[in-house]
Amino acid sequence: MYYKSAIIVRFNMDSCIQKKQVWYKHLSPRQWKIFGAAWTGYLLDGFDFVLISLVLTEVQHEFGLTTIEAASLISAAFISRWFGGLAIGALSDKMGRRMAMVLSIVLFSLGTLACGLAPGYAVMFIARIVIGLGMAGEYGSSVTYVIESWPVHLRNKASGFLISGFSIGGGLAAQVYSIVVPLWGWRSLFFVGMLPILFAFYLRKNLPESDDWQKRQQENKPVRTMVDILYREKNKYINILLSCIAFACLYVCFSGVTANAALITVMALCCAAVFISFIYQGMGKRWPTGIMLMLVVMFCFLYGWPLQAFLPTWLKVDMQYSPETVALIFMLAGFGSAAGSCIGGFMGDWLGTRKAYVISLLIGQLVIIPVFLVDRDYVWLLGLLIFTQQVFGQGIGALVPKIISGYFNVEQRAAGLGFIYNVGSLGGACAPILGAVVASHTSLGTAMCSLAFILTFVVLVLIGFDMPSRVQRWIHPEAALEYDTVDGKPFYGARKKNVAEE
């Protein structure tokens with residue numbers, strides 16, 4: 001007992017010393033190299049993903065698409081993300097984070113090239129599905145790669161800094177759009193977007209593995225991933241069939257092949273049942289935690305993506321700005337989100353993850369309505385408001401990976417994070433279509449504003465009250481985790497450490 005008490009005291013003393021030192025002095029050149037590679041991968045991921053939003057009106061005009069069909073091209077990438085997160089995440093858990101990152105970059109680069117070559121709507125829709133597979137894999141593998149390599153007390157910063165790369169990639173894409181598209185047309189933008197594949201070869205040759213993953217491998221224990229549980233054990237044939245059903249249902253929901261609300265509702269419920277079944281099989285008695293985490297991510301996408309997906313269209317059509325002005329404001333939004341990601345990382349390590357999340361979202365709520373009240377002549381004021389809203393309303397979402405990671409052990413972290421996050425990201429697939437439906441009854445600006453404002457409050461409740469831990473304790477308290485596996489902070493309802501008990 002005395003020995004364990006000494007360890008706890010020493011840990012607390014070390015934590016106090018760490019907080020007094022400048023944070024970046026705790027990082028080695030190797031850890032910075034790992035971060036730089038993962039951050040660049042995220043930047044390229046963000047660059048490729050937002051290209052369709054920038055040229056959506058041009059694609060819609062050339063292919064003769066309806067607004068719903070055009071919006072489905074944004075949603076298509078989300079249809080496959082759940083499987084990409086699961087499969088590539090499991091590969092990351094078993095074979096290493098680096099290999100998964102390389103495969104992910106190759107997939108979304110090839111999908112981007114296919115978008116530029118697409119002769120029509122169907123081919124572009126399929127190409128966007130391939131982009132979704134790669135994007136999901138990049139997300140899960142890069143996040144776990146950096147979080148597992150950085151010191152425990154800096155892991156909010158690790159998450160926040162990393163996700164900023166996605167937003168900066170979007171802002172960079174906006175600038176490339178303003179230069180390339182007026183000269184060579186919208187297809188040329190996608191050809192530029194295939195360049196990340198060169199970066200994949202650098203990653204394959206020059207990066208080490210994450211610290212936590214290497215330690216886990218040294219234990220020589222068999223790794224039982226979610227892919228093993230779902231597709232290699234007794235229910236494998238049923239789960240393969242369920243996966244096919246999920247893909248088919250998602251296609252019906254998001255391809256625009258039907259506008260029958262009842263049919264779409266039935267398909268959505270079938271998908272929900274499949275994913276809940278997978279969570280139940282993969283997490284056992286901890287399925288309430290998995291479902292609540294999925295809802296957290298879903299509502300994060302629902303409140304944020306209508307604004308991100310339709311911002312270029314709103315600026316071009318409703319505000320009637322030139323391509324150069326659209327690119328400038330979209331760049332400000334991207335860099336606002338990136339700055340917010342970094343600020344969120346500092347806030348998370350300072351105040352705690354959940355408290356930082358709530359405070360940041362409340363500030364963002366104060367700004368969202370004024371964004372849509374500004375007259376079109378006040379371009380810089382509009383840009384400043386959008387920048388501020390993205391800093392506090394969108395940027396704080398960079399802490400979501402850290403939140404989810406804390407509910408999984410190392411051997412299932414990448415697949416768990418990848419699957420939960422990317423199933424929840426279907427909220428991003430719903431968001432553009434939901435925005436288009438609401439906009440059909442009102443203006444696009446009103447639809448974007450109302451959805452963002454209302455749905456943000458749902459996220460405030462889910463994260464602010466730690467609903468994953470609460471619901472877990474209501475249903476299966478014996479399976480509840482006491483402490484975050486990433487930073488050791490207590491979850492809701494955790495017992496205080498009692499040295500005498502230990």
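In case you wondered, yes, glycine gets a Cβ from its N, Cα and C as well.
Among the features that Swiss-Prot reports, transmembrane segment is placed at 34-54 (among others).
Summarising the annotation, Swiss-Prot assigns transmembrane segment to 71-91 (among others). Same-chain residues lying 6+ beyond the ends of the transmembrane segment (71-91) with a Cβ under 8 Å from its Cβ atoms: 49, 52-53, 56, 59, 65, 99-100, 103-104, 107, 121, 124-126, 128-137, 139-141, 225-228, 230, 243, 246-247, 250-251, 254-256, 275, 278, 309, 414-423, 425-426, 428-430, 432-433, 435-436.
Remote same-chain partners of the transmembrane segment (105-125), defined as residues 6 or more beyond its termini with a Cβ less than 8 Å from a stretch Cβ, comprise 41, 44-45, 48-49, 51-52, 59, 63, 65, 69, 72-73, 76, 84, 131-135, 137-138, 187-191, 193-197, 199-200, 203, 255. Annotated transmembrane segment per Swiss-Prot: 105-125 (among others), in sequence order.
Look at Swiss-Prot and you will find 129-149 (among others) tagged as transmembrane segment, backed by sequence analysis.
Within its own chain, the transmembrane segment (158-178) is flanked in space by residues 35, 38-51, 54-55, 142-143, 146-147, 149-150, 189, 192-193, 308, 323-324, 326-328, 330-339, 341-346, 348, 390, 394-395, 397-402, which lie at least six positions past its ends and keep a Cβ under 8 Å from the stretch. The feature transmembrane segment is assigned by Swiss-Prot to 158-178 (among others), with sequence analysis given as support.
According to Swiss-Prot, the transmembrane segment annotation covers 179-199 (among others), on the basis of sequence analysis.
Here Swiss-Prot flags 259-279 (among others) as transmembrane segment, drawing on sequence analysis.
The transmembrane segment annotation in Swiss-Prot covers 291-311 (among others).
Remote same-chain partners of the transmembrane segment (326-346), defined as residues 6 or more beyond its termini with a Cβ less than 8 Å from a stretch Cβ, comprise 46, 54, 156-165, 167-172, 174-175, 177-178, 308, 311-312, 315-316, 356-357, 360, 379, 382-384, 386-399. Here Swiss-Prot flags 326-346 (among others) as transmembrane segment.
Positions annotated as transmembrane segment by Swiss-Prot, on the basis of sequence analysis: 391-411 (among others).
Same-chain neighbours of the transmembrane segment (419-439): 67-68, 71-72, 74-79, 81-82, 84-86, 89, 136, 139-140, 226, 250, 253-254, 271, 275, 278-279, 282, 290, 293-302, 304-306, 309-310, 400-401, 404, 446-448, 450-451, counting only residues six or more beyond its ends whose CB sits under 8 Å from a CB of the stretch. According to Swiss-Prot, the transmembrane segment annotation covers 419-439 (among others).
Here Swiss-Prot flags 445-465 (among others) as transmembrane segment, drawing on sequence analysis. Non-local neighbours of the transmembrane segment (445-465) in the same chain are 292, 295-296, 299-300, 302-304, 306-307, 310-311, 314, 318, 354, 357-358, 361-362, 364-365, 368-369, 371-372, 393, 403, 431, 434-436, 438-439, 492; each lies 6+ residues outside the stretch with a CB under 8 Å from one of its CB atoms.
Panel annotation: around the transmembrane segment (179-199), residues 40-41, 44-45, 47-48, 51, 54-55, 58-59, 62, 105-106, 108-110, 112-113, 115-117, 173, 323 of the same chain, lying at least six beyond its termini, place a Cβ under 8 Å from a Cβ of the stretch.
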